[in-house]
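Take a look at the structure set out below.
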């Protein structure tokens, strides 16, 4: 065979990534040699191939079980019982779609989302997108930091502000231990997170929420009562997080994927199955938390103390929900599980911050320094609020952070939807028309809700606040232009035409494409199958090979 198809990988942030190009050469070093009597990668049993792709989806799904989700779930249940379960259902269906698109983008292009944004957009735009992505990481990290601080407060009576400082140091310590076997540590943390899930499932079986109410809340959209719209947006913000899109598109690059159309399609299918299972588990846990909160807080025999807790339910006061199952140990077990949830989610947030910084800025710095910068930026707001406002202020900051994430979503979602639907970016792996229509309808629907709430909430505040008219006029002069910039930025990202090509088709060489699809026998009777090289900057991700 005179020539083969091989991977050509350009430096991160370059103008394009020629995923497949034809060259005339002897087989490169990354060709996989398999004897003729051995099964090829395509001939392996499906479940064995699937196991090799397990990891990224489950790591990303931890973000859907973080303290921010627990906080918004608890408040949604306490305030509205089961009426907002439909938001959880739609949010996680949408999350499955966009997380699979992020995985497909990474597998098909060999670059993660922030690197493609850097290659595609002008300098000013990509710097703005980088700042917004960093803000999203900070907003996502606030619930994780505060949740861990609450857990330390419950366990050791450490002040919340002290717990925030300890959280930053402990996360850096866990990240530093990855070279000594953090895979086992993360498995332990994930197990503890599911301990919390078991607690809420056990409590749900005890309080027995009405099945009709749960099903009705899950499938009949309804926004009634004071603050329902705000709680719904907070739920969406806690579920669909922009930094997860950057993270998932990078995590999949740690897997060996055959550099063929069939190999990439198989990888996309397996990543979809894995993400679907992980998010289904996350959906059940979120439903259990809301159902328990809604049932307990609406009980007729609730004590006056617990009634006060339900009126302002926070992570710091939610352990009473589990007393029916755990008794006196409820607060301790709840705090341990909350600690595990916060730490595991903080690790994924730190990884996301690393890839966002590396992709947009292409910074060459030592890993520990990048981790330190990411954690320092992330814990600063939580530390300030916890010192000034204490536990109550920190609890309100979690809901505010979830709403910020919801408003941030378009600036990661729109580039992802455009890139994954573009033949110049994805080649034959671009989204089908059905996926394009569904994803854009859901995406624009969520963006529309955010813009509507942003405008109506601000106008309502201007009308009903007690500030003098001069102050309202001054605030309006500042805020309304910012709203116009927000809407204009969303429109710009939606309708801007992509210019950079990251995929080169090989349709002019049909015979060559056939060889690379099926593999070919060399003179030694070995089957040669091309694999794209693993990204060296992602090789140390603590996931199974």
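Quick reminder: no glycine exception, Cβ is built from N, Cα and C everywhere.
Heads up, TrEMBL stuff is auto-annotated, nobody curated it.
Remember, it's a predicted structure, so these values are computed and weren't measured experimentally.
Taken from TrEMBL, the feature compositional bias 'Polar residues' covers 1-12.
According to TrEMBL, the feature region 'Disordered' maps to 1-20.
Per TrEMBL, transmembrane segment is recorded for 50-65 (among others).
Within the chain carrying the transmembrane segment (85-103), a Cβ under 8 angstroms from the stretch's Cβ atoms is held by residues 56-57, 60, 64, 73, 76, 113, 214, 217-222, 232, 235-236, 239-240, 244-246, 248-249, 252, 268, 271-272, 275-276, 279-280, 282-283, 286-287, 290-291, 413, 416-417, 420, 431, 435, 438-439, 442-443, 446, all 6 or more beyond its ends. TrEMBL lists 85-103 (among others) with the feature transmembrane segment.
Using a Cβ-Cβ cut-off under 8 Å and counting only residues 6 or more beyond its ends in the same chain, the transmembrane segment (124-142) has close neighbours at 63, 66, 68, 114, 117-118, 241-243, 246, 346, 349, 352-353, 356-357, 360-361, 374, 377-382, 397-398, 401-402, 404-405, 408, 411-412, 415, 489. If you look up TrEMBL, you'll see 124-142 (among others) marked as transmembrane segment.
Under the heading transmembrane segment, TrEMBL lists 154-175 (among others).
Among the features that TrEMBL reports, transmembrane segment is placed at 187-207 (among others).
Taken from TrEMBL, the feature transmembrane segment applies to 227-247 (among others).
Counting same-chain residues at least six beyond the ends of the transmembrane segment (268-292), those with a Cβ under 8 angstroms from any Cβ of the stretch are 49-50, 53-58, 60-61, 64-65, 69-70, 73-74, 76-77, 82, 84-85, 88-89, 92, 95-96, 99-100, 103-104, 107-108, 197, 200-201, 203-204, 207, 209, 214, 218, 239, 248, 252, 321, 429. Feature annotation from TrEMBL assigns transmembrane segment to 268-292 (among others).
Among the features that TrEMBL reports, transmembrane segment is placed at 332-352 (among others).
Taken from TrEMBL, the feature transmembrane segment covers 372-391 (among others).
Feature annotation from TrEMBL assigns transmembrane segment to 397-419 (among others).
Note on the transmembrane segment (431-453): residues 90, 93-94, 97-98, 101, 104, 229-230, 233, 236, 240, 406-407, 409-410, 413-414, 417, 420-421, 486-487, 490 of its chain, located 6 or more positions outside it, place their CB under 8 angstroms from a CB of the stretch. Per TrEMBL, transmembrane segment is recorded for 431-453 (among others).
The transmembrane segment annotation in TrEMBL covers 473-495 (among others). Packing against the transmembrane segment (473-495) from elsewhere in the chain are residues 128, 407, 410-411, 414-415, 418, 447, 451, 454-455, 458, 462, 467: each is 6 or more residues past its ends and has a CB under 8 Å from a CB in it.
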Same-chain residues near the transmembrane segment (372-391), Cβ under 8 Å, at least 6 residues beyond its ends: 134, 137-138, 141-142, 145-146, 149-150, 153, 160-161, 163-165, 167-168, 171-172, 314, 316, 349-350, 353-354, 357, 397
Sequence-remote partners of the transmembrane segment (50-65) [C-beta within less than 8 Å, at least six residues beyond its ends]: 92, 95, 99, 103, 140, 186, 190, 193, 197, 239, 241, 244, 247-248, 251-252, 254-256, 267, 270-271, 273-275, 277-279, 281-282, 285-286, 341, 344-345, 348-349, 543-545
